[in-house]
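For reference, the structure discussed in these notes is given below.
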Amino acid sequence: MRVGVLTGGGDCPGLNAVIRAVTKSLIRQGGCEVLGIQDGFEGLMGDAPRVKPLSWDEVSGILHIGGTILGTSNSANPLKNAETLAQVKRNVHTLGLDVVVSIGGDGTQSLAYGLANAVGMQCVGVPKTIDNDIANCERSFGFDTAVATATEALRRIESTANSHHRVMIVETMGRNAGWLALEAGVAGAADIILLPEIDYDLQTIIDVCKAREQRQRYTIICIGEGAKESGQSLTVRERVEHSPDPLRLGGVGHVLRERLQPHLKSEVRATVLGHVQRGGDPTPFDRVLATQFGHHAAQLVLSGQFGRMVTLQNGAIGSVEIATVANTQRQIAADHPLLTMARDIGICLGQP
Ligand code: F6P
């Protein structure tokens, strides 16, 4: 078999671990020829495909390295028009690919699903995102690393907040899901955690900060980039035309700072953690999970189970049809135990 491997969407710690595991399994178990497609679906668009052979040696020594040796793109959209679809179809045919392993988030899985339908490209999906928002997957690799990075940032912010008696706002990534903000906020001992799933009430935040001005004299607020105040609109950093995910969020921490400052004696400062959360080496947990995902993807390929995406559900690695995860995002349910726990131990979630 000749198998293509690509990484799509925003990069994420653990991608190289998946590339390594899927390639080694395919070579060792199936004697496959593996081709790395460069820069996500972009490598299949254009007049000629952009690929590099993935040999055993090529994928050795990359387990612990952040980013992706294949490059990625979160703006390439092969479904954009008939011309790009024809390019992909021709390039897949020229390369003689039997199946493409697409490692990516919901956007990448949606594109893979779309290409399977439009040009008959066979796919096996591997879920990837620091946002942890892919349907049917309780933990995606990269998330643990991002939580660790954001948690460390929160702890560092706390000592300076405490010294200056400030209200410090720390903005995490996560798009429309608050998993990263919630877990980092809990692990980093934030006093207030604001999530996309729960519109916040400004007066409640003012009241908590004022009460803390009297006693602790500093407050840490962890806010997910997709959070918004009741009645206000989402803070969009930029719009990328033709991208499968056109709205790029970011900056809500600064918006909150401006809204809060007039009501408080303490100085209010905001830090946007940004891409520091996506970079760096994966944690041991993510290395193991990514290796399991890559290995399982190879099993799907070798058993001809195309059109499926690897999953982690109830602690077990399995798979679902890509169709069931395309164009969906997994948000935090209102009755999630972590929300109940946070409220019970006195963390403010932005509501009275
Ligand atoms: O989906 C991963 C993610 O890091 C989101 O948390 C964030 O909103 C987005 O990608 C940022 O994308 P970009 O790198 O294009 O700014």
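Using the three backbone atoms N, Cα and C, a Cβ is placed for every residue, glycine included.
Bear in mind that TrEMBL entries carry predicted annotations, made automatically and left uncurated.
Among the features that TrEMBL reports, domain 'Phosphofructokinase' is placed at 2-300.
Here TrEMBL flags GLY10, GLY105, ASP106, GLY107, THR108 as ATP binding site. Counting every protein chain shown, 33 other Cβ atoms lie within 10 Å of the Cβ of THR108 (ATP binding site). In the three-state DSSP classification, THR108 (ATP binding site) falls within a helix.
The Cβ of ASP106 (ATP binding site) lies under 8 Å from the Cβ of THR129, ASP133, ILE134, ALA135, VAL325, ALA326, ASN327, THR328, GLN329, each of these being in the same chain and 6 or more residues away along the sequence. Residues annotated as Mg(2+) binding site in TrEMBL: ASP106.
What TrEMBL lists as site 'Important for substrate specificity' is GLY107. With a 10 A radius on its CB, GLY107 (ATP binding site) counts 21 other CB atoms from all the protein chains.
In the three-state DSSP scheme, MET173 (substrate binding site) is classed as coil. Sequence annotations record features per position, and here TrEMBL assigns substrate binding site to THR129, ILE130, ASP131, ARG166, MET173, GLY174, ARG175, GLU225, ARG269, HIS275, VAL276, GLN277, ARG278.
Packing around ASP131 (substrate binding site) is summarised by its Cβ count: 30 other Cβ atoms lie within 10 angstroms of its Cβ, all protein chains included. The secondary structure of ASP131 (substrate binding site), as reduced to three states from DSSP, is coil rather than helix or strand. The active site, proton acceptor feature in TrEMBL is assigned to ASP131.
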Candidates GLY105, GLY107, THR108 (binding-site residues) with Cα within 10 Å of ASP131 (substrate binding site): GLY105
Binding-site residues listed as MET173, VAL276, least Cβ neighbours within 10 Å: VAL276
Three-state secondary structure, VAL276 (substrate binding site) (per DSSP): helix
Nearest of the binding-site residues (MET173, ARG175, ARG269, VAL276, ARG278) to GLY107 (ATP binding site) - Cα to Cα: ARG175
